[in-house]
Amino acid sequence: MIKSILIINNHGKPRLIKFYEHYSEEKQQQIIRELFLLVSKRTERSCNFLEIGNNSNIFDKDTKIIYRHYATLFFIFCVDSSESELSIIDLIQTFVESLDKCFENVCELDLIFHIDKVHYILDEMVMGGLVLETNPTIIFSNYEIQNKLEKAENPLLSGLAGVMQTIKPNK
Amino acid sequence: MSSKLRDLIKTVRSCKTAAEERSQIAKESALIRTAMKEEDLESRQRNVAKLLYIHMLGYPTQFGQMECLKLIVSPSYADKRIGYLGLMLLLDEKQEVLLLATNCIRGDIMNSNQFIVGVSLCAFGNICSTAMARDISPEIEKVISHSNPYIRKKAALCAIRVLRKVPDLTENYIPKIKALLSERNHAVILTALTLIIEICEMDSTQIIHFKKMVPQLVRILKSLTSSGYLPEHDIGGVTDPFLQVKILRLLRILGQNDPEASDAMNDILAQVSTNTDSTKNVGNAILYECVQTIMTIESENGLKVMAINILGRFLLNRDNNIRYVALNTLSRVVNTDIQAVQRHRNTIVECLKDPDVSIRCRALDLIYSLVTESNIRVLVRELLNFLLIADAQFKSELVAKLCIVTEKYAPNKRWQIDTILRVMSIAGNFIPDEVPSNLIQLISSTPELSSYAVQKLYLALKQDITQQPLTQVGLWCIGEYGDLLVADKSQLPKDEDGLSLNVSEQAVIDIIDLIFRHATTTQATRQYSLTSLAKLSSRFSQSSLQRIKTMIDNYKQNINLELQQRACEYSTLFDFDKKASILDRMPPIEKQEESPHIGNKNIPTQTPPQQHYQQQQQQPQQQSSQFGSILDGLDSPTQSSANSGNNNNNNNKQGGNAMSLLEDIFGSAPTPTSNGNMNNNNNMNNMNNNMNNNYAMGGMGMNNNNNNSMGGMMNNNNNNNNNNNNNNNNNKSQASALLDIMGDLQLTPTPQQPQSQSQQALSPTNQTSVLQPVPQPLTFLVYQKHGLNISYECSKPQPNNLSLTNINMVITNTGSSPITNFSLQAAVPKYLKIQLLAPSSTVIPPNNSGEVTQVSKVLNSQQGQKPILLRLKLDFQINGQPFSDVPDTPLPSLF
């Protein structure tokens, strides 16, 4: 199972954080910092895997870090031992290809200003820490259809506004 | 009105300092809160999007949770989409707010719009709680068979989430899975496989449901491998590698320990491992999974060889990722086929030199399991090289492993000592606690190497005294073998790499002095230094004595209590003539692990090695408290030095002594040498005892923490039965004591042997502190009334644990009518524990024509001080007339 998916830039700034296990905000930031320390000091020739082992008080013992470095960004997947390391490498590639399709030559700025969209794309690929779809084309088309759906109802939205004011969830 | 998302991001990014960023975020959060309070519908989506950004930066966003709930109940898809996204990120399954979303999610899952179903399933799959899983499971069961594959694949993953939360629901899903597998959509098959794997891993009894799917899985895999180029599923020239990997993984689970299922897989596995293109990562991912499957299931041997060869190829790959997984897999399969892995040993050793720490780690694990007697010298040399460059975090693990393999496979003791010394001098302060004590144990049990070892250690100390464990071992050895260190070695024949240093006493004392003064020396090491000095005082010539005394005296006022106490004790010790025997060489230390756990609950049977070691170091001090008993240990080289502790970890030893004693007395004649020893020992004993009495008095004023044990000593002398202290006596005193006991009981028909008597005569004081020997099994009548006779056959089942007594109650009937409905219950005082088994019968035949037995076990927590006392409650009938009695049945006090 995938425990978390993060995109961190070369300076340690998070560009996407998605945790499939519950952590407090503090812990999440701690993980981001720790991950950045771990991956940023590795050379390009090093393998893309890092084991946590017993020495960390931040990660589970059964945690493997699998990452890839693209230009200014680290794509980091924390997984448990049931995932195949090499498959996750391919999955990262799939993710990047999907982003590339959706943003047309994706760059760091796209991720910064469209954090919601990045999440939508990710949700079409991984759900609850498990792989949902591995085909970038299908991921892209599902994402596009939903965007169109959203746009199509936009004029409606203002008309509904008055009605919605009366709807309140029960507390 | 709050700003646009883009503006917020720009503002935050332009912040120069963290404080500025914080204040910007705080300002924005306040604006968002106000907007939420005012129910500003237009900015709703934007506000949640902003919260996502703020959340990513690590600022609190809980206040947005309700807003997300409001968005998901909106009929608009755009609202729902961002609402669910916010729900997933800002909430977690532990939030109670989530319960409010349950109904909405349930409704959305049944919505007619596939994308509304999609987003709600996605949120459910990410954050559902146990309660929610139970509530919504029926809906998931419905949509898992939905006509739309987009919904089916999400539902399959939601099912996993449900089952993780509520495993009892598994049965509901199993019938639905088969349909998912016959699907054409690859993503649905993939998620279905994930679901099956999850079920199998949660509960291995479920695997049986899926065994019949093997042919179907093989078919899918075959069509994937043999299909040509399929553009919609192609990744790097391979058809859907993710699906292939998943199928291989499930086959692994289904084929494990199942020859029949494995047989069905052989062909396809062979096909996959030969036909897969290994030039790209995707192909290697499949091969990697395939190899693991081959090695796990009951596959053909030829296939296994092929798999190992694939790993061999992986090892030579330039890509570090591939080498990493190869090492990883090899260490998993090393137990199946060690020879095949050995072939790649050189390549694996090369991996130790890789700059990549992940590779080094994996290689290290693997090498560790490859070590054998034949290759240990080579491999350990490589490991030592690695130790030099290893990161701090690996050092202690590596040291532990090195020590284990060295101990297990060392070709000889000298090599072992050399290696461990080298480990200690490299790894310095990363050494696990047991390493120094093991080394000391090794040195002390190898007398022929003690001169060599002490010289090596001396050299090591001359180079570096900052590594505490090494320094401590060095000090211990110098203390013990100082005479060998300074001995003139020019006369001795030199062996090939033997050392013959000429070291002066002054130089040795200098180095100890240096250790004392060195800033990095810990208090524990200073304690070692003091003990070492004290020991040296009896090994070095008179000329050095004054200097040693002065050095020890310096610590008499030390602020550290432990040091002060030791210094005082040692300097007091110098005033006695007999100190030589106290400071004598330690007998070989027995290995802790060899003493079995003994079921004696009163006394800790094991001490951690470090403590044990400390105790040895503190020997002279403990001698003062433990009386002559320890000195006996020092004097007789045959006895376990574990005596020094006041624990019972030499119980078995003691038991052994006692047993052999019984032999001595009741039959086999003792050997002459031991006789000689005994006499000698007893003489020494007396002297030491006396001396120590004095010494103990002298030291009493300052020995706060010894008072207890001194009390114990008195007790010991007076009561003659303190088990702890009794451990430590030598054979002869046991013998004499045993004879006493036997004499008292008038049970011993064996004539006393002459030398034992002489022992007795020689050691009057020892009689007062004797070891309690194992008493002879004993039978005596405890009850006789109404024709009912009860006798006890008592025995000690464990010679090393006297507190446990077996009592076999034998019940007979001398009357003329049978005793029926017999029941015997027993009660004991608090210090005893009793276990009473059922009687062999409740009817006792008349006229002594048969007996009934009832077994009980008694554990005496105050063995030797208080006797075993049983109060019985007897109920029985004779000729239908009920009788009942409550007699007390004490055992002889010695039992």
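Heads up, the Cβ atoms here are built off N, Cα and C, so glycines get one too.
Annotation source Swiss-Prot lists repeat 'HEAT 1' at B:130-166. What Swiss-Prot lists as repeat 'HEAT 2' is B:167-205. The repeat 'HEAT 3' feature in Swiss-Prot is assigned to B:211-256. Residues annotated as repeat 'HEAT 4' in Swiss-Prot: B:301-339. The repeat 'HEAT 5' feature in Swiss-Prot is assigned to B:341-376. Look at Swiss-Prot and you will find B:591-687, B:706-733, B:746-770 tagged as region 'Disordered'. Annotation comment: Swiss-Prot describes B:604-626, B:639-658, B:675-687, B:706-731, B:746-765 as compositional bias 'Low complexity'. As annotated by Swiss-Prot, domain 'GAE' applies to B:775-893.
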In the same chain, residues at least 6 away from the ends of the repeat 'HEAT 2' (B:167-205) whose Cβ sits under 8 Å of its Cβ atoms read 133-134, 137, 141, 144-145, 149, 152-154, 156-157, 159-160, 213, 216-217, 220, 233, 240, 242-243, 246-247, 249-250, 253-254
Summed over the repeat 'HEAT 4' (B:301-339), the DSSP helix, strand and coil counts are 32 helix, 0 strand, 7 coil
DSSP puts the residues of the repeat 'HEAT 2' (B:167-205) at 34 helix, 0 strand, 5 coil
Confidence over the repeat 'HEAT 4' (B:301-339), expressed as mean pLDDT on the 0 to 100 scale, is 86
Across the domain 'GAE' (B:775-893), DSSP labelling yields 0 helix, 69 strand, 50 coil
Taking DSSP helix as H, G and I and strand as E and B, the repeat 'HEAT 5' (B:341-376) has 25 helix, 0 strand, 11 coil
The correct DSSP tally for the repeat 'HEAT 3' (B:211-256) reads 31 helix, 4 strand, 11 coil
In DSSP terms, the repeat 'HEAT 1' (B:130-166) comprises 31 helix, 0 strand, 6 coil
